Each structure stands twice: as structure tokens, then as C-alpha cells.
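**Student:** Got a structure for you, questions after.
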Amino acid sequence: MKVYNTLTRKLEEFKPINEGKIHWYHCGVTVYSRSHLGHARNLIAFDTIRRYLEYRGYEVRYVQNFTDVDDKMIARANEEGVSIIELAERNIYDYYEDLDKLNVKRPTLAPRALLHINHMIKDIQVLIEKGFAYVADNGDVYFDVRKWKEYGKLSKQKLENILEHTEDTENPNKRFPADFALWKAKKEGEPSWPSPWGEGRPGWHIECSTMSMTYLGETFDIHSGGQDLIFPHHENEIAQSECLTGKPFANYWLHNGFVKIDAEKMSKSIGNIININTILKKYSPDSVRLYILLTHYRQPIDFTEDGLEQAEITAERLFNTIVLLKSFAEDGEETNAVTEEDKTMIQKIENARTKFIEAMNEDFNTSNALAAVFDISKDINDYLRKTDEINSIVIRKANELFDEFRLVLGLFSDIDRYITMDKVKNLVNLLIDLRQEFRKNKNWEKSDKIRDTLKDSGIILEDNPKRVLWKLVTK
């Protein structure tokens with residue numbers, strides 16, 4: 001299995017520190033507002049990678065933090081006249097609601113920065129004692145980037161270039177403009193905590209270093225997030241963490257691509273931020289997941305109405321393939337006789353699994369993996385429509401394959417819909433048989449009435465030379 005490591009800018013063979021186990025830290029959201037499509041892309045991309053690793057037998061310890069104390073949190077809380085704790089509680093509740101709707105697995109652990117401030121203070125003190133950090137006259141504590149010769153190794157920037165992208169370069173409390181805050185001295189109207197350097201609050205970067213190492217150890221397997229976090233956040237995490245421990249921080253760095261809305265960068269200034277709960281009022285969670293997975297996680301993605309509409313259609317087709325397979329699960333011919341046609345279909349099923357795994361093994365290429373899904377879906381539909389006798393072995397193997405696809409891709413998790421289909425299957429088949437009798441006797445009026453009544457109930461009949469198939473309309 002190969003993964004693209006941002007740290008080395010290479011595809012590398014994935015080898016976890018402990019065989020069969022993966023320790024993974026994912027930079028979570030700052031909970032000052034509801035999650036948007038940028039978060040959806042990030043969450044679904046790494047959720048699918050996690051699902052695939054678990055499918056391949058790995059035990060994944062997935063830690064994803066909540067940033068519940070920082071400049072944005074304080075500004076929004078003051079704006080709304082609430083505490084940062086109240087603001088965080090509300091948005092964490094909404095976040096999990098969005099997560100569950102998108103069928104994103106919840107993290108193994110979800111530490112909150114507010115609950116780890118004492119740990120952060122201890123880490124900052126160690127950095128000061130080691131000479132990598134200093135206390136400014138105003139009570140701020142800064143990391144001295146010039147003391148660590150490897151600074152810039154993740155973003156592949158030299159120190160002089162970094163200055164061009166550094167905010168707050170005129171700060172007189174810094175020894176060097178690129179130094180970053182580990183601790184911010186107390187300001188009026190802001191929450192604060194006691195420390196050896198006076199009251200204040202932690203900087204954003206130290207939060208993730210402390211929480212990740214608390215729950216995953218000094219060196220762990222995977223660190224992930226959006227490409228916008230490479231610099232300065234992840235660069236600074238590496239610097240302070242490796243200076244703290246003298247060890248490598250994370251072995252593999254994974255970053256997802258940027259998000260655009262109708263070819264424009266998503267930003268508050270343009271006003272094109274779309275929240276997850278808003279998009280889910282118009283499109284199904286499965287279509288949103290599918291749309292995101294059609295693009296490789298490292299590539300930029302452009303959300304368009306046309307694209308989402310097409311994803312909705314594609315998701316419905318896949319859904320109906322699965323429903324069709326499940327409707328045949330008990331109807332396949334129980335026979336040891338396997339025809340050449342059956343053998344060919346079984347081989348196609350095995351080939352589809354191989355292609356799917358090969359695609360995912362190449363840096364989790366969901367785009368190519370889905371191509372294998374679409375191909376076998378077409379083959380299965382052709383088999384079901386044209387074969388004289390449906391073989392139960394083919395049906396079983398096809399159902400197993402699509403269960404694996406659903407598990408990894410996180411699609412069509414609402415199994416109740418399938419159960420509902422099973423409950424009405426006999427009734428639908430009885431109506432189909434009755435309709436066939438009417439058609440045989442050329443009683444078109446009654447035949448059409450059955451067809452139209454089923455359609456009004458969300459069941460579409462499809463007449464084929466070998467048999468009548470039916471599917472569920474999901475929208």
C-alpha cells in the first residue's frame with residue numbers, strides 16, 4: 001500500500017510503527033460556527049481512508065481534536081454574548097449531527113483544547129528550558145524558529161521565504177518576525193488561565209502537539225488535515241513537537257485538496273460558504289459522499305449544481321443495483337450447476353474486487369476505485385436482465401462485493417431501506433405476476449393501473465425479455 005507523504009513529497013510504502021495498528025491524528029474543526037462543504041470534503045476523504053485501512057485489517061486509533069479556544073472562538077463568543085464553552089457546546093452538537101448524516105465515523109477520541117491547558121503549559125515550560133522558546137516582556141511566550149535548523153521542512157520553504165507569508169511581522173515582542181506564539185498574555189475581554197509567565201491562553205499550534213502526543217505517543221503514524229494547514233500550522237506543530245521530544249513527530253503527513261464553489265475559491269468575503277446542513281436539504285448524503293469521492297483526495301474539487309445533480313443520479317443507480325441484488329438474494333436458483341455465463345460473472349466480480357483494492361492501495365485513489373464499482377454494477381445489471389436462470393452463487397458473491405464497497409466508501413448505510421424492501425418484496429412480486437396475467441390477456445387498463453400505482457408508491461417497473469425488474473425511487 002502506497003501513500004503520498006507531504007513531508008517527503010513522494011509516494012511511499014506504508015509501514016505503521018506497530019504491525020496491524022495505526023495511530024492517527026487528524027486536525028479537527030474550530031467550533032465557532034457550523035461546518036461547511038470544505039469540512040465535508042476533509043471529513044469524507046479521511047473517513048474513507050480510515051474505513052479502507054480498517055477493511056484491510058488495521059486497528060485504527062483515530063484522534064480528532066476540537067479547537068475550542070482561539071481568536072475566532074473568542075471573537076464569535078463576544079459577538080454573540082456567550083461564553084466560549086457555550087459556543088463550543090452548541091457547535092460540537094451540530095458538528096456531530098452533520099457527521100452522522102454524512103455517515104462519517106466518529107473519532108476514537110475527540111479531545112478538546114480547553115481540557116488540556118495544564119498539559120500545554122508543561123510542554124511550553126520544557127521548550128523554554130531547552131532554549132527553543134522565550135518569554136517576552138509582555139508575558140507572551142514565543143517559539144524561536146531560528147533555534148531549530150529544520151524549520152520549513154514540511155512546507156519546503158526557506159526562512160527568508162517564510163517571512164513573506166508571516167503575519168504579525170511588526171510585533172516588537174518577537175526576537176524574529178517568523179517566531180510564533182506558544183502562549184498569549186491576557187487581554188481584556190478574553191478568557192485566561194494562570195501560568196508561570198502570567199495569565200493568558202495557549203497558542204493554536206501547541207494545542208494540537210500536546211493533544212496528539214497525549215493520546216498517541218511522541219511518534220505516531222499519520223497526521224492529516226487540509227492543504228491550508230501545511231503552513232503555518234503543521235510546520236509549527238512539527239517544530240515544537242520534535243524540539244520537545246528529540247524524536248520524529250509523525251511519519252506520514254496526508255493533506256486533502258482545496259474546495260471551490262462554481263470555480264471560485266470558497267471564502268467568506270465572496271459569500272459562497274455553504275454549510276453541510278444546507279446542502280443536505282437539497283442533496284442526499286450519499287450523493288454528496290459520492291461526488292467528493294469521485295475526485296482523488298489530494299486534488300482540488302469544485303462543487304457545482306450540475307455535478308451534484310449527476311452524483312444524485314449515479315447514487316440512485318448504484319442504490320438500485322444493491323436493492324436489486326438483495327431482492328434476488330433469496331430467489332437465486334439453488335443448484336450446483338454453474339453455467340459458463342455464471343462463471344464469467346463470478347470472475348468479473350473477483351476482478352472488480354482486485355481493481356478496487358489496487359486503486360485504493362495507490363494512495364487511496366477513490367476515483368479509480370469507483371470506476372471499478374461502476375463497471376461491475378453495469379455487468380451485474382446486464383446479468384440480471386438477460387440470464388435465463390439467476391444463480392444463487394453469483395448473487396451471494398455480488399452481494400458480498402457490494403457490501404464491501406459500501407463499507408469502505410461509506411455509502412448507503414441506511415439498511416432500514418433494504419429491510420423495508422424485503423418486507424414488501426413478496427407483495428410487489430405478487431402484483432407483478434398479476435400484471436403479467438393482465439398483459440397476457442391484453443387487459444391493458446388493469447395492467448397499466450398496477451404499474452402506475454406502484455410508480456406512485458416509489459416503485460418503478462422495468463419490463464425485460466427475461467423478467468420484470470423493479471427498483472426504488474429514492475428521491
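Each Cβ is built from the backbone N, Cα and C atoms, and glycine gets one as well.
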**Student:** With TrEMBL as the source, identify the stretch among 265-269, 285-289, 295-299 annotated motif ''KMSKS' region'.
**Tutor:** 265-269
**Student:** Grab the same-chain neighbours of the motif ''HIGH' region' (29-39) for me: Cβ-Cβ under 8 Å, and only residues 6 or more beyond its ends, written as numbers and ranges.
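**Tutor:** Beyond its ends, the motif ''HIGH' region' (29-39) has Cβ neighbours at 66-68, 70, 72-73, 75-77, 87-88, 91-92, 94-95, 98, 226, 259, 261, 266, 273-277, 279, 303.
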**Student:** By a simple count, how many Cβ atoms lie within 10 Å of the Cβ of Cys27 (Zn(2+) binding site), its own Cβ left out?
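**Tutor:** Other Cβ atoms found within 10 Å: 21.
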**Student:** Measure the Cβ-based neighbour count of Glu237 (Zn(2+) binding site), defined as the other Cβ atoms within 10 Å of its Cβ.
**Tutor:** 27
